[in-house]
Amino acid sequence: MTTATDVHAHDDHHEHHPAGIMRWLTTTNHKDIGTMYLTFSLIMFLVGGMMILGVRAELFKPGLQLMRPEFFNQLIGVHALVMIFAALMPAATGFANWLLPLQLGAPDMALPRLNNWGFWLLPPAAILLTLPFTLALFGIGDGAVATGWTLYAPLSVQGGLGVDFAIFSIHLLGISSVLGSINIIVTIFNMRAPGMTLMKMPLFAWGWLITAFLLIATIPVLAGAVTMLLTDRHFGTHFFDAAGGGDPILFQHLFWFFGHPEVYILLLPVWGFIPHILSAFTRKPVYGYKAQVYSFWAIGILSVVVWAHHFLTVGMPVPALLYFMYSTMSISLPLAVLFFCWIANMWKGSMSFETPMLFATGWIILFGIGGLTGLVLADVAADAQYHHSYFVVAHFHYTLFAGGIMGVMAGVYFWLPKMTGRMYNEKLGKLHFWLTAIAFNMTFIPQFFLGLAGMPRRIPDYALQFADFNMISSISAFVLGLSQLLFVYNIVSCVRGHGEKAADKPWEGAEGLEWTLSSPPPYHSFTEQPVIK
Amino acid sequence: MNAEDRALANRKLVKKLLWVIAGAILFTIALVPLYNVMCQVTGFNGKTGNSAEQAAKSMKVDNTRWVTVEFTSNVMPGLAWTFYPKQTSIRVHPGQIELATYVAKNIANQEVIGQAIPSVSPGQASLYFKKIECFCFQRQTLKPGESKEMPLTFFVSPDLPKQIETITLSYAFYSAVK
């Protein structure tokens, strides 16, 4: 966290910001807002994690032990919504706020007041999403949204008031990310230091630029789809209600027209992190910068034309199936380019394995498994067996937990010394990595096999033959959950000013404008823009 | 760039981006009719067109081929009816006009209006399954305890692709809405 005491002679008038809670409510400073985003993200990560530990506890043994199936359904759906919209997306936005001005040589984000509003929409959205749990305790309604995060009609048309809460929560989250994206695009286009052309921009900025474009193009589609759901539920329209001539499959098309780009919205900022980290700890420049930028674009564009592979079994005609299969598989080409660039970056580098590098290398392997299992699912013939099974659950956790959250963790360890001015505890950091990586694999590898054996997802009970693998998966999930406390400890102790003081450039191989500033950076980053030659 | 120029440039870019968002919202709204047109033109998703009397007049019966048409039924929640086909399947020649009958009974103690929604699978066959007269063209009203036979006149177009030998027609009866 930045301290408020960095006094600079030329921006005195900015230094008298309010203290206490008013500082955070009214701040327009990119670092303060970034800090709030990251804090919110960490809290919601733990909340979403606790929800799924409830689910894993129920799945520890066959039969119903701990909860009603309705409550189980609520937990899995809200877990996904919380992790995607309230943990992973705000983490990426938090990093964008913190790092983009530092990396681009800008004094702040382009639209600071919009930025503040963008953040403060998030806490009400999170409350809306989880409030029905509390209301149900007082006998109001029947709990949170129980449709799974995909909100498929007709189930969501018939669901209880939790669905309405989720719809309004999604509206707020959507507005927040659209505002954040506008701000990021404007910052990237207008606020770069003189001499920093687009093709000299750090890859993190490139990843976020494409993410931001995807967000403003697809979030309105999700907002529109859930609004139609709302009018179907309460105002007598029949967009998705077959009784009035609507079509529930239309909802799936609308949802995944947003939902598939969303995957890359979550991943592109992380793909931006990784080259920075690999380059720092291999002491080599970023390999294949241009190839990576073009691959980002290729994947961003392809991501909006492949949506129906999420419901290949819905009964589409063969030509449509073939189109969605081949277009989906074609994404693996630019993605393979990225993988080769990351691996080539390490080739003959003088590597050292500090915590961020451990997370980055582990990330490459685990995200690779996520990508390859995705290819299996894209195969129309194979998907008929794997669809809606635990294979899918394992696949998307390899892409979104390993590929998303572990990538974010790599970034946290890499930039935490810059943000807080303190070094984290390296031993605990490494322990955190190994516990996370091992427990993660032990949680989800059994789920691949459960899925292959035919265990369906989103069901609170299962047949006896699945018992052993579920037990392994549940125990590992608890280890995975508990080991995140090390992560929290490391962050909190840095923020509270424990640990060694960090140098301005704590990693000898690191490159980029952010390392030219002090650790932690002054309240206003670059009051005079650096010139890039 | 000085601060004023930058503020101006920022405002310009924000305006452009707001247009992009407005475009995305319009696109979403346009997707609804586009989707329905797409389904009707291509027969995706088992959506069948309505009356097919015109096509029936200028058509030859293909006596060399048999197609099995199967009938199924569903009653959706909220409608207290029983509803089932009198015959589970019929063998027809493509082009030959046939009659099938469903039976519906109102088991509620009040008058109820229902609407049947058809669906044909496989989806590719839906373009070639033509209904001349169908109880699903209108809403159906049943008095308490009343039972009614509901006829359906149809034919399978001779253009039906060769590999399709069985067509399943499914009706879902919904409580009719305002």
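Each residue, glycine too, has its Cβ placed from N, Cα and C.
What TrEMBL says about a protein is an automatic prediction, not a curated fact.
Among the features that TrEMBL reports, domain 'Cytochrome oxidase subunit I profile' is placed at A:24-533.
If you look up TrEMBL, you'll see A:33-55 (among others) marked as transmembrane segment. Long-range contacts of the transmembrane segment (A:33-55) within its own chain (CB-CB distance under 8 A, at least 6 residues past either end) are made by residues 1-2, 24, 27, 66-67, 72, 75-76, 78-79, 82-83, 86-88, 90-91, 93-99, 109, 112, 115-116, 118-119, 122-123, 126, 130, 405, 412, 419, 477-478, 481, 484, 488, 491.
TrEMBL lists A:75-100 (among others) with the feature transmembrane segment.
The feature transmembrane segment is assigned by TrEMBL to A:121-145 (among others).
Residues or ranges marked as transmembrane segment by TrEMBL: A:165-191 (among others).
The feature transmembrane segment is assigned by TrEMBL to A:203-230 (among others).
Per TrEMBL, transmembrane segment is recorded for A:263-281 (among others).
Taken from TrEMBL, the feature transmembrane segment covers A:293-312 (among others).
Taken from TrEMBL, the feature transmembrane segment applies to A:324-345 (among others). Using a Cβ-Cβ cut-off under 8 Å and counting only residues 6 or more beyond its ends in the same chain, the transmembrane segment (A:324-345) has close neighbours at 271, 274-275, 278-279, 282, 284, 286-288, 291-292, 294-295, 298-299, 302-303, 305-309, 312, 316, 364, 368, 371, 375, 378-380.
Within the chain, the transmembrane segment (A:357-378) has long-range Cβ neighbours (under 8 A, six or more residues past its boundaries) at 270, 273-274, 277-278, 280-281, 309, 325, 328-329, 332, 335, 339, 342-343, 346, 351, 386-387, 391-392, 394-400, 402-403, 406-407, 409-410, 413, 430, 433-434, 437, 440-441, 448. Among the features that TrEMBL reports, transmembrane segment is placed at A:357-378 (among others).
Taken from TrEMBL, the feature transmembrane segment applies to A:398-416 (among others). Sequence-distant contacts of the transmembrane segment (A:398-416), counting only residues of its own chain at least 6 positions beyond either end whose CB sits under 8 Å from a CB of the stretch, comprise 38, 45, 83-84, 87-88, 91-92, 95, 98-99, 263, 266-267, 270-271, 273-274, 276-277, 280, 354-357, 359-360, 362-363, 366-367, 369-371, 373-374, 422, 424, 429, 432, 436-437, 440, 444, 487, 490-491, 494, 507, 514.
According to TrEMBL, the feature transmembrane segment maps to A:428-449 (among others).
Annotation comment: TrEMBL describes A:469-492 (among others) as transmembrane segment.
Only pairs six or more apart in sequence are counted, and the transmembrane segment (A:293-312) with the transmembrane segment (A:203-230) gives three or more Cβ pairs under 8 Å, enough to call it a contact.
Residues 30-31, 33-38, 40-42, 44-45, 47-48, 51-52, 54-55, 67, 106, 109, 115, 118, 122, 125-126, 129-130, 133, 144-149, 166, 169-170, 173, 177, 180, 184, 187-188, 204-205, 208, 211, 262, 265-266, 269-270, 273, 400, 404-405, 408, 411, 415, 419, 458, 514 of the same chain, all 6+ positions outside the transmembrane segment (A:75-100), place their C-beta atoms under 8 angstroms from a C-beta of that stretch. Model confidence over the domain 'Cytochrome oxidase subunit I profile' (A:24-533) is summarised by a mean pLDDT of 94.
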